[in-house]
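Peer 1: Pasting a structure below so you can have a look.
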Amino acid sequence: MDYNKPTVVAASMIQAGVDKINLSAGDLLVRGLLSGAILGFGTTLALTATAQTGLAIVGAALFPACFIIVVLMGLELVTGSFAVLPMAYFDKKIGFWAMLKNLSLVFVGNLLGGLLYACLFCVSVSQFGHEEKNAVAQLIVKIAEAKTVGYAQYGLDGMFSAFTKGVLCNWMVTTGVVLGMSSNSSTGKILAAWLPIFIFFGQGFEHAVVNMFVIPAGIILGADVSVADWWLFNQLPVTFGNLLGGVVFTAWALYYTFGRNKRTETRINNPIRKTVLREQVKLGVVEEV
């Protein structure tokens, strides 16, 4: 299997950030909508497997399929952009306001996609409301309540818990984005991206885009959850948690260690710099690299 070194991956992330900034608003919205819906498909697949087997870990093993589809199709997922765009920003390749506009458009696109799939799925699973909720629908209702009123009962502590789960989630999700760039082959991208997504979903961490489907779907299916509960106790704290996880633990950390090393290697490989370094080594000013 082909393999790209971390410094190459860091450079690829920076270039990907530049490429994303150059997309039109229409492209960002459409690609974001598709991503939101596809993550909804993955969520219902995972919940179907969980309901059929009684083992949540089986659903977690299947969920990464939707993420891999998003990666291979080059679609837009705001949680992934929370790491890719800041990398380009740290490297001074893009501006702050352009980055914020891009993230906002993708967020809206993801939300529209999640809502669209929620409506379509609820129609299909209930025969337009004429049939009782099956096992998957009941599970969605239970999850929607746990993700909202389950936090609300603890007040600010519950909100902070949702925020923390959002941080942990996107630390892994953005790691999946990074690992997807560590290979140039489709097989390599699939295998590399699968593991971090499995890790986050298997532990029940909070993903903002997944929640754009599962909570509205739960509300439609009868969950005792209000729109205010959804946004106040889940969507907002989870989104900010996802943002922090992507920016700090992936974008900043990787840029600091691999972006800086890449610049250092470039300077060392400069012929004039090599001559200066050799003289400095002879004089004992610096150690040999």
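Glycine is treated like the rest: Cβ placed from N, Cα and C.
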Peer 1: Please identify the range among 149-167, 187-205 that TrEMBL labels transmembrane segment.
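Peer 2: Checked against TrEMBL: transmembrane segment maps to 187-205.
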Peer 1: Looking at 239-258, 259-278, which stretch does TrEMBL describe as transmembrane segment?
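Peer 2: Checked against TrEMBL: transmembrane segment maps to 239-258.
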Peer 1: Against the transmembrane segment (105-126), which of these stretches has the most C-beta pairs under 8 Å: 28-49, 55-85, 187-205, 239-258?
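Peer 2: Most Cβ pairs under 8 Å with the transmembrane segment (105-126) come from 28-49.
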Peer 1: Flag the pair the transmembrane segment (239-258) / the transmembrane segment (28-49) as in contact if three or more Cβ pairs fall under 8 Å (sequence separation 6 or more).
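Peer 2: Between the transmembrane segment (239-258) and the transmembrane segment (28-49), contact is absent.
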